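According to TrEMBL, the protein has these features:
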type     : residues                                         : note
BINDING  : 135, 201, 225, 226, 227, 404, 410, 411, 412, 413 : FAD binding site
BINDING  : 262, 263, 264, 265, 266, 267, 268, 269, 285, 358 : NAD(+) binding site
DISULFID : 126-131                                          : disulfide bond
DOMAIN   : 89-419                                           : domain 'FAD/NAD(P)-binding'
DOMAIN   : 438-549                                          : domain 'Pyridine nucleotide-disulphide oxidoreductase dimerisation'
């Protein structure tokens, strides 16, 4: 039995809850990775904390009275009674990825009779073909990289024989992890009474969904169908020598030389895996610089550490206009053209090519035409509350879209946060996510993480709105724990307003950067200012002190007001 603790007020005041890939769509326009707006709570939600209303702490448990029957083995709907208002379900979710799963569990916690429709496998892209198996491969690459670094091992006084690996065993590790997590997600939903329905979900009309030959009604519907790898025109994918990330995660072979088209998160992570396993890598990047979605200063440092010393070369400012798989003893052929002039530039002959040019929304066949909804570059248009917008610009009642399918922020945890936000809304609490507080991470060695605005984005915002920004930085080379690990290469960067202490962005490159970023993302989500958190205490010696020193080094004007009251001594 799961339980949750919530705050309840004797007045109507409420606290909105939030639990918090790289193309994005907002207000119908296509945004580049640079313009991503990264989730959390609106600051207005916390104004009630300073009020004089008494607060009562209560514990709500998922009692048996609130639970609903899980689906039968064949995926048929449960035979439990109708939902409120005569509907078959209070909530039907199309898509059982991380976003759909998060929404389903929160819906049950709120007492909603819930069904989730999955046309493929539970867990979606993240669990089966994305974040989960890729982290298994990256765990292997990290250990291989360390064992192969003779100087690093000798600095500890260690002597290690030549490191090797079993390709099939490495692939099995990734596949077994995905299977385990998929089973965990399935069991968690079944245990709480979510009906898991197998089939492709289609919206037939307002509050009506079909899967297979079954038609059912729901008070509210959430589309959470995710995305698939995006393959540009002219590229022939054979799944063996020209592959997407879906194929690469199976690790069916390790090529001697592989070209990776795209140097974003996916491309960088796979370059880390392949080079650790012995491959040579060539990046093909359409923009003029590698890692275009990162803060430029962090990207420059990351290139010096992650690319320059390794067996990696690159071509920037070029398109792969045509890629032909290996056939009849011939290598993979990649024809490059200038990104601006479209003139031929070069031809590469490699053993394999990985297409890492982003992801496209999986929204075809959803029946959107039945409710007069037109996709925009494949994405389902939504407002800030994730409610679907039709072709006339009107909100479609009781229909929402979350995650990669709406394109606001293509990250698994963003999808989950959006789903939880929608459940809050359909149960009577207005809730709007602050996407600027959603962190992102690239799990290379060392890692890269970020939240909020990059420095160019912050400067553009400052110029437009008429305020100044300041930059603070700290190095991992001054951190005791990093030095103990011989991992002093790294930088943390804070972008903020010196007039009021507002945190605009934090970027980290270094050991465990993906874990360290959450102190900053939570601060943004809670509306905390630098002057509020610079007195927080961190354990010594820990990597968290990198962030501690970062906030302490920021210079905020002494007359800046603080939204949070001074602590009272115990």
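Cβ atoms here come from the backbone N, Cα and C positions, even for glycine.
Just so you know, TrEMBL annotations are computer predictions that nobody has curated.
Annotation for residue 266 (NAD(+) binding site): spatial neighbours 245, 356, 358, criterion Cβ-Cβ under 8 Å with sequence separation of six or more. Between the listed recorded positions, namely 126, 131, 268, 410, the fewest other CB atoms within 10 angstroms of a CB are found at 131. Close to the recorded NAD(+) site, the chain also has 260, 270, 291, 356: residues not among 262, 263, 264, 265, 266, 267, 268, 269, 285, 358 whose Cβ is within 8 Å of the site's Cβ mean position. Comparing C-alpha positions, residue 131 (disulfide bond) sits nearest to 410 among the binding-site residues 225, 262, 264, 285, 410. Taking only the Cα positions, the spacing between residue 410 (FAD binding site) and residue 126 (disulfide bond) is 11 angstrom. Residue pair residue 126 (disulfide bond) / residue 412 (FAD binding site) shows a Cα separation of 7 Å. When the binding-site residues 225, 227 are scored by other C-beta atoms within 10 Å, 225 scores highest. The average pLDDT computed for the domain 'Pyridine nucleotide-disulphide oxidoreductase dimerisation' (438-549) is 97. A Cα-Cα distance of 28 Å separates residue 285 (NAD(+) binding site) from residue 225 (FAD binding site).
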